[in-house]
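Okay, so here's the structure we're looking at.
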Amino acid sequence: MSEQQTVSQKEQYNLNKLQKRLRRNVGQAIADFNMIEEGDRIMVCLSGGKDSYTMLEILRNLQQSAPVNFSLVAVNLDQKQPGFPEHILPAYLESLGVEYQIVEENTYSIVKDKIPEGKTTCSLCSRLRRGILYRTATELGATKIALGHHRDDILQTLFLNMFYGGKLKGMPPKLMSDDGKHVVIRPLAYCREKDIERFSVAKGFPIIPCNLCGSQPNLQRQVIGDMLRDWDKRYPGRLETMFSAMQNVVPSHLSDYNLFDFKGIHHGSEVVDGGDLAFDREDIPMQPIGWQPEDADDAAPVRLDVLEIK
(Lines of atoms letter the chains of each structure in order from A and count residues from 1; the text may use other names and numbers.)
(Lines give C-alpha, C1' and ligand atoms only; values in the text may rest on other atoms or scores of the structure.)
Protein backbone atom coordinates (compact mmCIF):
# COMPACT_ATOMS: atom_id res chain seq x y z
CA MET A 1 0.00 0.00 0.00
CA SER A 2 1.40 3.38 -1.01
CA GLU A 3 1.92 6.23 1.43
CA GLN A 4 -0.76 8.24 -0.40
CA GLN A 5 -3.29 5.41 0.03
CA THR A 6 -2.42 5.16 3.72
CA VAL A 7 -2.98 8.89 4.21
CA SER A 8 -6.25 8.70 2.29
CA GLN A 9 -7.50 5.81 4.44
CA LYS A 10 -6.51 7.67 7.59
CA GLU A 11 -8.33 10.80 6.44
CA GLN A 12 -11.44 8.77 5.62
CA TYR A 13 -11.28 7.07 9.02
CA ASN A 14 -11.07 10.44 10.78
CA LEU A 15 -13.92 11.83 8.67
CA ASN A 16 -16.13 8.84 9.47
CA LYS A 17 -15.37 9.21 13.17
CA LEU A 18 -16.11 12.93 13.07
CA GLN A 19 -19.37 12.40 11.19
CA LYS A 20 -20.46 9.80 13.73
CA ARG A 21 -19.81 12.25 16.57
CA LEU A 22 -21.81 14.97 14.84
CA ARG A 23 -24.62 12.52 14.10
CA ARG A 24 -24.64 11.44 17.73
CA ASN A 25 -24.69 15.05 18.97
CA VAL A 26 -27.50 16.05 16.61
CA GLY A 27 -29.50 12.90 17.32
CA GLN A 28 -29.20 13.47 21.06
CA ALA A 29 -30.33 17.10 20.77
CA ILE A 30 -33.29 16.07 18.62
CA ALA A 31 -34.30 13.46 21.21
CA ASP A 32 -33.72 15.65 24.27
CA PHE A 33 -35.85 18.52 22.96
CA ASN A 34 -38.28 16.58 20.74
CA MET A 35 -37.17 18.67 17.79
CA ILE A 36 -38.47 16.43 15.00
CA GLU A 37 -41.73 14.49 14.98
CA GLU A 38 -43.50 12.12 12.61
CA GLY A 39 -44.45 13.82 9.35
CA ASP A 40 -42.52 17.03 9.99
CA ARG A 41 -41.51 19.17 7.05
CA ILE A 42 -38.27 20.84 8.09
CA MET A 43 -37.25 24.11 6.47
CA VAL A 44 -33.44 24.10 6.64
CA CYS A 45 -32.12 27.66 6.52
CA LEU A 46 -29.02 27.53 4.33
CA SER A 47 -26.72 30.55 4.32
CA GLY A 48 -23.75 29.02 2.52
CA GLY A 49 -21.65 28.90 5.69
CA LYS A 50 -20.05 25.90 7.38
CA ASP A 51 -22.76 25.55 10.03
CA SER A 52 -25.79 25.38 7.75
CA TYR A 53 -24.02 23.07 5.27
CA THR A 54 -23.16 20.72 8.13
CA MET A 55 -26.70 20.86 9.52
CA LEU A 56 -28.18 19.92 6.15
CA GLU A 57 -25.68 17.10 5.64
CA ILE A 58 -26.29 15.55 9.07
CA LEU A 59 -30.08 15.87 8.83
CA ARG A 60 -30.01 14.18 5.42
CA ASN A 61 -27.90 11.45 6.93
CA LEU A 62 -30.24 10.98 9.88
CA GLN A 63 -33.25 10.80 7.56
CA GLN A 64 -32.07 7.38 6.46
CA SER A 65 -32.18 5.84 9.94
CA ALA A 66 -34.49 8.03 12.03
CA PRO A 67 -37.42 6.29 13.79
CA VAL A 68 -39.77 8.95 12.37
CA ASN A 69 -40.41 10.09 8.82
CA PHE A 70 -39.66 13.71 7.99
CA SER A 71 -38.87 15.74 4.88
CA LEU A 72 -36.40 18.54 4.26
CA VAL A 73 -36.56 21.66 2.13
CA ALA A 74 -33.51 23.91 1.99
CA VAL A 75 -34.13 27.65 1.80
CA ASN A 76 -31.64 30.39 1.04
CA LEU A 77 -32.39 34.08 1.21
CA ASP A 78 -30.67 36.05 -1.55
CA GLN A 79 -30.58 39.56 -0.08
CA LYS A 80 -29.05 41.05 -3.22
CA GLN A 81 -25.71 41.83 -1.66
CA PRO A 82 -23.16 42.97 -4.27
CA GLY A 83 -21.03 40.06 -5.43
CA PHE A 84 -23.25 37.31 -4.00
CA PRO A 85 -22.54 34.16 -6.06
CA GLU A 86 -26.11 33.22 -7.00
CA HIS A 87 -25.12 30.03 -8.80
CA ILE A 88 -23.30 28.30 -5.93
CA LEU A 89 -26.17 27.06 -3.75
CA PRO A 90 -28.55 25.98 -6.56
CA ALA A 91 -25.77 23.97 -8.19
CA TYR A 92 -24.79 22.36 -4.89
CA LEU A 93 -28.37 21.49 -3.87
CA GLU A 94 -29.25 20.13 -7.30
CA SER A 95 -26.19 17.88 -7.15
CA LEU A 96 -27.59 16.43 -3.91
CA GLY A 97 -31.13 16.12 -5.20
CA VAL A 98 -32.42 18.21 -2.29
CA GLU A 99 -35.67 20.15 -2.58
CA TYR A 100 -34.85 23.83 -2.26
CA GLN A 101 -36.08 27.36 -2.76
CA ILE A 102 -34.09 30.56 -3.28
CA VAL A 103 -35.99 33.56 -1.92
CA GLU A 104 -34.96 36.86 -3.50
CA GLU A 105 -35.53 39.95 -1.37
CA ASN A 106 -33.50 43.15 -1.68
CA THR A 107 -33.01 43.76 2.04
CA TYR A 108 -29.47 44.97 1.34
CA SER A 109 -30.77 48.30 -0.01
CA ILE A 110 -33.08 48.75 2.97
CA VAL A 111 -30.27 48.14 5.45
CA LYS A 112 -27.88 50.47 3.62
CA ASP A 113 -30.52 53.18 3.63
CA LYS A 114 -31.26 52.87 7.36
CA ILE A 115 -27.82 52.19 8.89
CA PRO A 116 -25.01 54.81 8.79
CA GLU A 117 -21.84 53.87 6.92
CA GLY A 118 -19.39 51.88 9.03
CA LYS A 119 -21.97 50.76 11.61
CA THR A 120 -22.93 47.14 12.23
CA THR A 121 -25.91 46.20 10.08
CA CYS A 122 -26.40 42.69 11.48
CA SER A 123 -29.24 43.54 13.89
CA LEU A 124 -31.58 45.13 11.33
CA CYS A 125 -30.55 42.63 8.68
CA SER A 126 -31.40 39.69 10.95
CA ARG A 127 -34.82 41.14 11.82
CA LEU A 128 -35.69 41.57 8.16
CA ARG A 129 -34.36 38.12 7.34
CA ARG A 130 -36.33 36.52 10.18
CA GLY A 131 -39.63 37.95 8.94
CA ILE A 132 -38.99 36.75 5.40
CA LEU A 133 -38.06 33.26 6.59
CA TYR A 134 -41.22 33.02 8.73
CA ARG A 135 -43.33 33.99 5.72
CA THR A 136 -41.51 31.48 3.53
CA ALA A 137 -42.05 28.70 6.07
CA THR A 138 -45.79 29.35 5.94
CA GLU A 139 -45.80 29.36 2.13
CA LEU A 140 -43.89 26.05 2.02
CA GLY A 141 -46.05 24.41 4.67
CA ALA A 142 -43.03 23.82 6.90
CA THR A 143 -43.76 22.58 10.42
CA LYS A 144 -40.29 23.39 11.78
CA ILE A 145 -37.59 25.94 10.93
CA ALA A 146 -34.03 24.64 11.44
CA LEU A 147 -31.23 27.11 12.18
CA GLY A 148 -27.51 26.29 12.21
CA HIS A 149 -26.45 27.69 15.61
CA HIS A 150 -24.10 25.38 17.50
CA ARG A 151 -22.95 24.94 21.10
CA ASP A 152 -20.36 27.72 20.92
CA ASP A 153 -22.99 30.16 19.58
CA ILE A 154 -25.21 29.31 22.55
CA LEU A 155 -22.38 29.90 25.03
CA GLN A 156 -21.45 33.16 23.30
CA THR A 157 -25.02 34.39 23.66
CA LEU A 158 -25.08 33.42 27.35
CA PHE A 159 -21.96 35.49 28.08
CA LEU A 160 -23.10 38.39 25.89
CA ASN A 161 -26.28 38.63 27.93
CA MET A 162 -24.38 38.28 31.22
CA PHE A 163 -21.66 40.81 30.41
CA TYR A 164 -23.70 43.39 28.50
CA GLY A 165 -27.37 42.69 29.21
CA GLY A 166 -27.43 41.71 32.87
CA LYS A 167 -29.36 38.51 32.14
CA LEU A 168 -28.77 34.79 32.52
CA LYS A 169 -30.19 34.12 29.08
CA GLY A 170 -28.81 31.98 26.31
CA MET A 171 -30.09 30.70 22.98
CA PRO A 172 -32.68 27.90 23.34
CA PRO A 173 -32.35 24.72 21.25
CA LYS A 174 -36.10 24.91 20.55
CA LEU A 175 -38.56 27.79 20.77
CA MET A 176 -41.77 29.28 19.45
CA SER A 177 -41.08 32.03 16.92
CA ASP A 178 -41.83 35.61 17.93
CA ASP A 179 -44.81 35.68 15.56
CA GLY A 180 -46.28 32.73 17.47
CA LYS A 181 -46.72 30.61 14.35
CA HIS A 182 -43.55 28.56 13.91
CA VAL A 183 -41.41 26.17 15.93
CA VAL A 184 -37.71 26.96 15.53
CA ILE A 185 -35.11 24.26 16.21
CA ARG A 186 -31.32 24.25 16.47
CA PRO A 187 -30.19 20.67 15.72
CA LEU A 188 -26.49 21.58 16.15
CA ALA A 189 -27.02 22.72 19.76
CA TYR A 190 -24.72 19.99 21.14
CA CYS A 191 -22.07 20.29 18.38
CA ARG A 192 -18.71 21.98 18.91
CA GLU A 193 -17.70 24.63 16.40
CA LYS A 194 -14.27 23.06 15.94
CA ASP A 195 -15.91 19.76 14.93
CA ILE A 196 -18.08 21.59 12.41
CA GLU A 197 -15.02 23.38 11.01
CA ARG A 198 -13.13 20.12 10.55
CA PHE A 199 -16.14 18.44 8.98
CA SER A 200 -16.68 21.34 6.58
CA VAL A 201 -13.06 21.26 5.45
CA ALA A 202 -13.11 17.50 4.97
CA LYS A 203 -16.35 17.60 2.96
CA GLY A 204 -15.19 20.53 0.83
CA PHE A 205 -18.38 22.55 1.15
CA PRO A 206 -18.48 25.59 -1.21
CA ILE A 207 -18.35 28.22 1.55
CA ILE A 208 -19.80 31.64 0.76
CA PRO A 209 -18.32 34.53 2.80
CA CYS A 210 -20.68 36.16 5.29
CA ASN A 211 -19.30 39.71 4.99
CA LEU A 212 -20.30 40.55 1.43
CA CYS A 213 -22.43 43.37 2.81
CA GLY A 214 -19.33 45.10 4.17
CA SER A 215 -20.77 45.28 7.69
CA GLN A 216 -18.36 45.63 10.58
CA PRO A 217 -18.36 42.61 12.91
CA ASN A 218 -20.20 42.84 16.21
CA LEU A 219 -17.34 43.83 18.52
CA GLN A 220 -18.89 42.44 21.69
CA ARG A 221 -19.63 39.06 20.11
CA GLN A 222 -16.13 38.95 18.66
CA VAL A 223 -14.59 39.63 22.09
CA ILE A 224 -16.69 36.88 23.69
CA GLY A 225 -15.83 34.47 20.89
CA ASP A 226 -12.10 35.13 21.31
CA MET A 227 -12.44 34.65 25.07
CA LEU A 228 -14.15 31.27 24.67
CA ARG A 229 -11.61 30.05 22.12
CA ASP A 230 -8.80 31.07 24.45
CA TRP A 231 -10.42 29.22 27.36
CA ASP A 232 -10.94 26.13 25.24
CA LYS A 233 -7.26 26.14 24.28
CA ARG A 234 -5.86 26.88 27.75
CA TYR A 235 -8.38 24.95 29.85
CA PRO A 236 -9.60 21.85 27.97
CA GLY A 237 -13.10 20.89 29.03
CA ARG A 238 -14.16 24.31 30.29
CA LEU A 239 -16.67 24.89 27.47
CA GLU A 240 -18.16 21.43 27.97
CA THR A 241 -18.61 22.13 31.68
CA MET A 242 -20.19 25.52 31.06
CA PHE A 243 -22.66 24.02 28.62
CA SER A 244 -23.47 21.27 31.14
CA ALA A 245 -24.17 24.03 33.69
CA MET A 246 -26.81 25.47 31.35
CA GLN A 247 -28.65 22.15 31.65
CA ASN A 248 -28.23 21.91 35.41
CA VAL A 249 -29.77 25.09 36.81
CA VAL A 250 -30.52 25.39 40.54
CA PRO A 251 -32.90 28.39 40.95
CA SER A 252 -32.83 28.18 44.77
CA HIS A 253 -29.12 28.98 44.69
CA LEU A 254 -29.38 31.99 42.41
CA SER A 255 -31.07 35.33 43.16
CA ASP A 256 -34.12 35.51 40.90
CA TYR A 257 -37.14 35.69 43.21
CA ASN A 258 -39.41 35.19 40.19
CA LEU A 259 -37.98 31.69 39.77
CA PHE A 260 -37.81 30.70 43.43
CA ASP A 261 -39.99 31.69 46.39
CA PHE A 262 -37.35 33.06 48.77
CA LYS A 263 -40.01 34.96 50.72
CA GLY A 264 -41.70 31.67 51.48
CA ILE A 265 -38.71 30.35 53.47
CA HIS A 266 -39.42 30.42 57.22
CA HIS A 267 -38.35 28.56 60.36
CA GLY A 268 -39.36 24.97 59.89
CA SER A 269 -39.24 25.07 56.09
CA GLU A 270 -37.81 22.05 54.30
CA VAL A 271 -34.19 22.07 53.14
CA VAL A 272 -34.06 22.81 49.41
CA ASP A 273 -31.29 21.62 47.08
CA GLY A 274 -28.86 20.88 49.90
CA GLY A 275 -29.39 24.07 51.84
CA ASP A 276 -26.38 26.33 52.44
CA LEU A 277 -23.05 24.91 51.30
CA ALA A 278 -21.19 28.19 51.64
CA PHE A 279 -19.16 26.98 54.62
CA ASP A 280 -18.41 23.53 53.20
CA ARG A 281 -15.52 22.53 51.02
CA GLU A 282 -17.15 21.32 47.83
CA ASP A 283 -15.92 18.24 46.02
CA ILE A 284 -14.71 19.49 42.65
CA PRO A 285 -14.03 16.77 40.04
CA MET A 286 -10.46 16.45 38.83
CA GLN A 287 -11.60 16.73 35.21
CA PRO A 288 -14.29 19.14 33.96
CA ILE A 289 -17.73 17.57 33.58
CA GLY A 290 -18.40 16.52 29.99
CA TRP A 291 -14.75 16.74 28.95
CA GLN A 292 -13.17 13.98 26.88
CA PRO A 293 -9.55 13.98 25.68
CA GLU A 294 -9.21 14.54 21.96
CA ASP A 295 -7.36 12.26 19.61
CA ALA A 296 -4.24 13.77 18.11
CA ASP A 297 -5.78 13.55 14.63
CA ASP A 298 -8.91 15.36 15.79
CA ALA A 299 -6.89 18.26 17.14
CA ALA A 300 -5.27 19.09 13.81
CA PRO A 301 -5.58 22.75 12.84
CA VAL A 302 -8.07 23.58 10.11
CA ARG A 303 -8.61 26.38 7.65
CA LEU A 304 -11.85 26.96 5.81
CA ASP A 305 -11.37 27.72 2.13
CA VAL A 306 -13.82 30.48 1.25
CA LEU A 307 -14.83 31.05 -2.35
CA GLU A 308 -13.15 34.10 -3.82
CA ILE A 309 -15.82 36.50 -5.00
CA LYS A 310 -14.70 38.67 -7.90
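Just so it is clear, glycine is given a Cβ too, placed from its N, Cα and C backbone atoms.
Remote same-chain partners of the motif 'PP-loop motif' (47-52), defined as residues 6 or more beyond its termini with a Cβ less than 8 Å from a stretch Cβ, comprise 76, 88-89, 148-150, 188, 196-197, 199-200, 205-208, 210, 304. Summarising the annotation, Swiss-Prot assigns motif 'PP-loop motif' to 47-52.
Under DSSP, CYS125 ([4Fe-4S] cluster binding site) is assigned to a helix (H, G or I) in the three-state scheme. Marked as [4Fe-4S] cluster binding site by Swiss-Prot on the basis of sequence analysis: CYS122, CYS125, CYS213.
Helix, strand and coil counts from DSSP across the motif 'PP-loop motif' (47-52) read 3 helix, 0 strand, 3 coil. CYS125 ([4Fe-4S] cluster binding site) has a Cβ environment of 20 other Cβ atoms inside 10 Å.
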